[in-house]
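These come from TrEMBL:
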- 80-94: compositional bias 'Basic and acidic residues' (COMPBIAS)
- Cys428-Cys437: disulfide bond (DISULFID)
- Cys566-Cys576: disulfide bond (DISULFID)
- Cys583-Cys592: disulfide bond (DISULFID)
- 402-438: domain 'EGF-like' (DOMAIN)
- 562-593: domain 'EGF-like' (DOMAIN)
- 690-780: domain 'Fibronectin type-III' (DOMAIN)
- 869-958: domain 'Fibronectin type-III' (DOMAIN)
- 959-1050: domain 'Fibronectin type-III' (DOMAIN)
- 1051-1139: domain 'Fibronectin type-III' (DOMAIN)
- 1141-1232: domain 'Fibronectin type-III' (DOMAIN)
- 1322-1411: domain 'Fibronectin type-III' (DOMAIN)
- 1412-1498: domain 'Fibronectin type-III' (DOMAIN)
- 1499-1587: domain 'Fibronectin type-III' (DOMAIN)
- 1585-1800: domain 'Fibrinogen C-terminal' (DOMAIN)
- 75-94: region 'Disordered' (REGION)
- 1-22: signal peptide (SIGNAL)
Amino acid sequence: MGMRGLLLASMAVAVLVHLSSAGLVKRVIRHRRESLSPTTENLTLPSPDQPVVFNHVYNINVPSGSLCSVDMDSPGTTEIKPKSEQSDQHIEHTTDGENQIVFTHRINIPKQACGCDNHMPDMKELLNRLEMLEAEVSSLREQCTSGAGCCSAQVTGEVTTKPYCSGRGNYSTDTCSCVCEPGWKGVNCSEPECPNYCQDQGRCEDGKCVCFEGFGGEDCGIELCPVDCGENGECIDGACICAEGFIGEDCSLSNCPSNCLGRGRCVDDECVCDEPWTGFDCSELICPNDCFDRGRCENGTCYCDEGFTGEDCGELTCPQNCNHHGRCVNGQCICNIGYSGEDCSKLTCLNDCSERGHCFNGKCICDPGFEGEDCSLLSCPDNCNGRGHCVNGECICGPGYEGDDCSELSCLNNCHDRGRCVNGKCICKAGFAGEDCSIKTCPHDCHGRGECVDGKCVCHDGFAGEHCGIKTCPHHCHGHGQCVDGKCICHKGFAGEDCSIKTCPNHCHGQGQCIDGKCICHDGFAGEDCSIKTCPNHCHGRGRCVDGKCICHDGFAGEDCNIKTCPNDCHDHGECVDGKCICHAGFTGHDCSELTCPNDCHNRGRCVNGQCVCNIGFTGEDCGTKTCPNNCLDRGFCEDGKCVCFEGYTGEDCSVLTCPADCNDQGQCLNGMCICDLGFTGDDCSEISPPRDLTVTEVDPETVDVAWVNEMLVTEYLITYVPTAPGGLEMEMRVSGEKKTATIRELEPGIEYLISVFAVLNSKMSVPVSARIATHLPEPEGLKFKSVKETSVEVEWDPLNIPFDGWNLIFRNTKEEDGEILNSLAPPETTFEQSGLGPGQEYEVKLEVVKNNTRGPPASKNVVTMIDAPSQVDVRDVTDTTALVTWLQPVAQVDGISVSYGPNTDSSDRNTIELSSIETQYHLAELSPDTEYEVSLMARRGEMSSFPIYETFTTDLDSPKHLKAIEQTDESITLEWRNSRANVLNYRVKYGPLSGGEHGELVFPSGLQDTTQAKITGLRPGTEYGMGVTSIKEERESLPATTNAVTDLDPPKDLQVSETTETTLALVWRRPVAKIDTYSLVFIPADGDKTELKIPGAANTYILTGLNPGMLHTITLTAERGRKMSAPATLSASTDEEKPQVGNITISDVSWDSFSMSWDLDRGEVEGFLIEVSDPDGLSDGQNHTLSGQEFSLAVTDLSPSTFYRVTLYGLYKGELLDPVFAEAITEAEPEVEHITVSDITPHSFKVTWTAPEAVFDSFALKVLDSSGLGRPHQISVSGDKRTEAVTGLNEDTDYEIELFGIILGRKFQPIFTVARTGLGTPKGIRFSDVTDTSATVHWTMPHTRVDNYRVIYVPIQGGSPLTLRVDGGESQAMLSNLTPGVTYQVTVIAVKGLEESEPGSERVTTALDKPRGLTAVNISDTEALLLWQPSIATVDGYVITYSADSVAPVMERVSGNTVEFEMSSLTPATLYTVKVYAFRDTAKSAATSTDFTTDVDAPQNLAASNIQTETAMLTWKPPRADISGYILSFESADGVVKEVVLSPTATFYSMSQLTASTEYTVKLQAIAGPKRSRVISTVFLTIGVLYKHPKDCSQALLNGDTTSGLYTIYLRGDESQPLQVYCDMTTDGGGWIVFVRRQSGKVEFFRNWKNYTAGFGDLNDEFWLGLSNLHKITSFGQYELRVDLRDKGESAYAQYDKFSISEPRARYKVHVGGYSGTAGDSMTYHHGRPFSTYDNDNDIAVTNCALSYKGAFWYKNCHRVNIMGRYGDNSHSKGVNWFHWKGHEHSVEFAEMKIRPANFRNFEGRKKRS
């Protein structure tokens, strides 16, 4: 550029630094030129109306000086760096005549870093310089004279101009139009494809924004919040804007206590509670009507003050609820009949006591001499003591009483003169009883066994005698027995309860049935008493019967001797038929004792003891086989006397070693091995020495250079090459034998060839050495841009004329390190539109040819997308006069934003505001209410403007003004306000108490003038109301105008006097509805001054004290709150006159039937006294006493002992009773004997216990009498200090009557009685017999007394459920069954009679041990067997195991008692063993159980393969111990081909031949011994030729030659001891992939726990998960790449990451991924570095449990972009199989597969090809 450029640089730096320091806006200067007229040059220009824009780029670098340092920041926000001169970026002009040329000036001057000199050239001079620079370029126009523009000019090379296209695309010289970047469209790439260009916060795909992480919304303009703002907040610009009253990052915290418990909203840190709640934290329920201030509110329930009731305390109550003696009407009691008083508490008296007494508590207290309910009757002395009725003053005594006052007890009927009357009760003479001694008694009350009729016993059935003491027997024992104690003792020959049954001798011994005294014997028994056992069929006369069994004569057998026997029972070698032996095969003789030989030895030997001793030349079991010389030396088998030699041997006796194929005449055979001629090799010299180490030295698109190695000299080399694709033509070429390299020509580009090299010698070819080699692909041509838009670019290129698989089109943002977008396209596509690009972004576009998964060299160009306009215009916070307009900034850099607004109805009334580019909102003011507005926004940069974006809104209604209350009463308020500007017809008034409660609303029409009035009625007095008035129009409503107003206080109600005394007045009233602070109480006595009192507002009663008796008072009560006062309530009332007062009562001289009382008068005089003495418990009669006013003491008598009495004393004054005075007294007790009890009852004794007062009685008399009267009575004298006595010498099972007296000074006091019965006799002599493992018989000695039955209880002493038997009382033994073996039982026998039981007799018995059961031998091998048995039920110390065989000495082993199996080892192979097992404990043994088994043939050992070659291998092994007859050897190759050979029993090696190279073989060897075979032993070996013997992944399996997808075994780290079966994908993108998860059918449940995901699960051929542990082990020993394949409804996509690894378990298997490429979108990078999560092991960062919420498991973050393990087929949000950037969160993908392979797989593959 020379001096002019340097001068320009200096000027620009000076001027712009000055302007920058001055704060001026920087400018980018663009110059537009109109096109010139055409010239005659070979160029075409655009039409004259199309501009030509030149955009020169200059970079001016200013050297730093002492006064100024310069950094290299650009003027704008984007850094622009100068490009090096070697830059390979350029734009080539095409010959497309429709293109225009665009030049852009962009002068970049570094920003000022310090203050510099202000002496700067003028800005105009700088502009002139720029004009001069532009003039240098204008010469280009002179070349464009044809009028068609310059696009057709044949220009080549590099130019320094770039197209503009609004900065959002490239100008295509092919099409003379802009090729827009993805996301932009239009002629000049100015129209965005996606809304607002996705705000540069996402990419545009198919017209929709795919937002980057942290952004959302249709245009990605919404900045998402890192946490969920919940229901209490809104996410705005990436932060939670909390609702009023809430704070915190996620708006979960409240400013108010307990977040108002969710029952209100938080306003100014205080809870505004919802109905029906109140309290500082809304924890309290509001009460209805606030309880009308007549009670307290607790949790929503009113607890009313006294005098009020109802749900809201709105109802008046009556005093004491009228005491339930009346009904309450408006707070006043209407009393029932019999009651009076304000609260109906006073009982009224009938006829006012006829003026003969006083009414007290509803009862008449009659004057002396009167009685009755109303004192109208004359009374009797002491009211006849309540024992009769008074008739005209005289006592008519009731039954049992007599005397003037009925105080004496009488006896009924005067005891009929059969006894004496004592205290009203008859003490009858002997022989009489009853209340009046009218009943004759019987002796001993007939012992309870009969009815007493007129003094004689009528006995019940079964009893007799004068007093029924004798038991009778049924039917008098029919004269066949003696009746003893009610039971028949039958004579001999008779039995039964009544001896009516004839018995049989010895009860037929239980072996027959007794009928009418004769035995009918069961089968098998005979004799008079069935004691003789008979034999079946009388032994057929062939034997004698002994004890029921036949002792047969010689020659006969059987149960009844009906079977003829054979000699020696045929020695068990035959069957006995009718006395003759039918011998089994192999035996003969009359008793089958002689052995036979097979086929009679074919007459070629003699039979000795059943075995053939063959003649010379013959052998075999039956001498049927000819022998061979030397037994063929074990190198063959003998067939018809001739040796058939095994492979490798020959000769008459197989003694000569042979060579394979006789060395094919190309070598010499020496000791069975070929010594090959020069040039030949192999076991049989049939192979030519092959070439090896085939390598590729150079590859071009059409030629390949190869080289190989061979030490042997051959005639020539044959080279064949054929395409690996099916149908390729094989070609060949030859080179001389001394060459080791060759060049293959005329190949097709991008084709993979199989190249094979053969060595040729004497017209024979060796095996080949081969390699797969692919030729290179060409670079694409003609890459250009057809269309460039805001978010998309359409690309076009030239087709190729060679076969290939497809194209790779790659877009890369030049400002990002990674983030390539890879599109795989199939031929013949030559165009593609890439969407999802960012507006205003520069992208590098590369195009590659792909063939056979190989990429060719790329063609590359850069393109810039178009800029965008503002987006997401929103009008919010709209009021009646204002609104807030918000928007999102354009993605592209712009200068500013234009906002225009106005009413829709008037287009001329619009306002326009210019804002800077950083503004994102504008506040509109001074709007008209209820008006629809339109607002539009445009972005602008320089002279450019974006398309406008429109939004409409309507302003709110304006609220009424100047609201105020103009009038109020205690129940109404009148409001007035100025009407709204908006045209509204109605206003809504809402009102409610400020303290909470029911709210109301009313609608009023608008006033005809400027104002409107409204009167609200039905309000509560003294309450402050909040009033709100809103304008309403249709469904719309304005903001409210508000004010507060208070209703007047209401006065107290129903003021009255509730009670009066001489000095007090008790006032009561109903509280006002309004809340009040205090009451003002004013009272004025008739003779005194006014007194004023203040009473708390909560009170509704008050007692005036200190008043003068009998004085009239005027009372006034007023309610007050603050300065407010209610109207007054007034009344007049007088105090009572003064009355006398009785003093306290003194009680003295208390005895068991009396006490004395005294009192005095504290004040005044009375007319008399009334005394009540009562028993509150009602156990004795009360007393009333009336005394004169001068008596002050009284002795009270005739009281009951030990009784509590209450004494009440009333004074009588002016005909009324004064207030009572009370006292209490308790009389003393009368001494007596009490609580006699009997305890410690045995069959012959018991103990008597009683209670009595201490030191009262001198002694006690105890009398014990047998109830039957048969025994002698026991009379015992006991000292007075004792309270117990033991009585002995009694009879068992006998009733006794017991009588006890207390004695003082020889006098007996009232006796106390009880009865007792001695116990039954205890069974004794308990013993046991017939003890087995499950049963035993118990015996005992019966007690003397007959019992009903015996209860036998037996229970294990170690615990368990008891078993019980009931045995008839005549038996003395019982069988105990269902016992547990080896257990000690406690056996108890109890005698039972009726409901009574004896003391138990007890003894222990231990059952025998049971034997083990189910003895079996399992897991039988050649030397071992596992013995199993079911254990003994009994607890045993151990088991003894004995096993033996005919040829083996017995072995005895002991094991513990908790063992149920035994491993027998060191057994002899192929041997029959017998095993016996029995249990033991201490010295006890069980019976033994036994079983038999035969051991297996043992297997050969140490099978190994050695000397492994390409086609041969040598097998060796060690023979088994058992005698065998041969071996079966099988070997199987990897392709499933199986071969099998039979070897001789002496063989210990085998040579394998004709194998396949690089093939794995499985060899199995099994020994044979007759029908038995040993277990199989095996080994695996690999013939020489494969690359990886133990492939560690699918790529190595692929390189080994396995090209079919399916199940393979890999070896972790290549370690043979760590095999793992996996599914290998051998076809996708070159193959070699380990698939570790697949979703395709939904058959497998993937919602599993951590343990499942660690280990893996599923079907490898269908759906499965390989396991985190396996993934970690695979990826921890190498670099792997990840591929994800997705398919859905015919669509497919993939994502590939160049790095993939899983960390160790302690890091929770974190995932790490690298750079992305593919078509599915980058969803996996979001999960980079995250640990794995399952529902039971939550490791994500989300508030919720992602795995639990989205029904899967993954490397969740917050929460996912990928959910491969989600619920299959579930299209609900985020719960299905998701890949967010392909199908979003609401579509479950049908097929998904994740797979890995080594990251350097291409290098491996290339090395394999070169090899």
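In case you wondered, yes, glycine gets a Cβ from its N, Cα and C as well.
Predicted automatically and left uncurated, TrEMBL annotations should be read as such.
Location within the structure of each feature annotated in TrEMBL.
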residue	record	Cβ within 10 Å
Cys428	disulfide bond	20
Cys437	disulfide bond	25
Cys566	disulfide bond	21
Cys576	disulfide bond	18
Cys583	disulfide bond	19
Cys592	disulfide bond	24
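For the domain 'Fibronectin type-III' (1499-1587), the model's average pLDDT works out to 87. A strand conformation is recorded for Cys583 (disulfide bond) in the three-state DSSP classification.
In the three-state DSSP classification, Cys566 (disulfide bond) falls within coil. Across the fold, the C-alpha of Cys583 (disulfide bond) and the C-alpha of Cys566 (disulfide bond) stand 11 Å from each other.
With a threshold of 8 Å between CB atoms, the same-chain residues lying at least 6 positions outside the domain 'EGF-like' (402-438) that come near it are 380-382, 384-385, 387-388, 395, 455, 1198.
For the domain 'EGF-like' (562-593), the residues of the chain that approach it from at least six positions outside its boundaries are 537, 540, 542, 555-556, 610, judged by C-beta separation under 8 angstroms. A straight line from the CA of Cys592 (disulfide bond) to the CA of Cys428 (disulfide bond) spans 108 Å. DSSP classifies Cys428 (disulfide bond) as strand under the three-state reduction.
For the pair formed by Cys428 (disulfide bond) and Cys576 (disulfide bond), distance between Cα atoms is given as 101 Å, rounded to the nearest Å.
A separation of roughly 101 Å, to the nearest angstrom, links the Cα atoms of Cys437 (disulfide bond) and Cys576 (disulfide bond). In terms of DSSP helix, strand and coil, the domain 'Fibronectin type-III' (959-1050) has 0 helix, 52 strand, 40 coil. For the domain 'Fibronectin type-III' (1141-1232), the DSSP counts in helix, strand and coil order read 0 helix, 47 strand, 45 coil. Here the domain 'Fibronectin type-III' (690-780) is broken down by DSSP into helix, strand and coil counts: 0 helix, 50 strand, 41 coil.
The residues of the domain 'Fibronectin type-III' (869-958), classed with DSSP into helix (H, G, I), strand (E, B) and coil, number 0 helix, 48 strand, 42 coil. DSSP classifies Cys576 (disulfide bond) as strand under the three-state reduction. Residue counts for the domain 'EGF-like' (402-438) under DSSP, helix first, then strand, then coil, are 6 helix, 13 strand, 18 coil.
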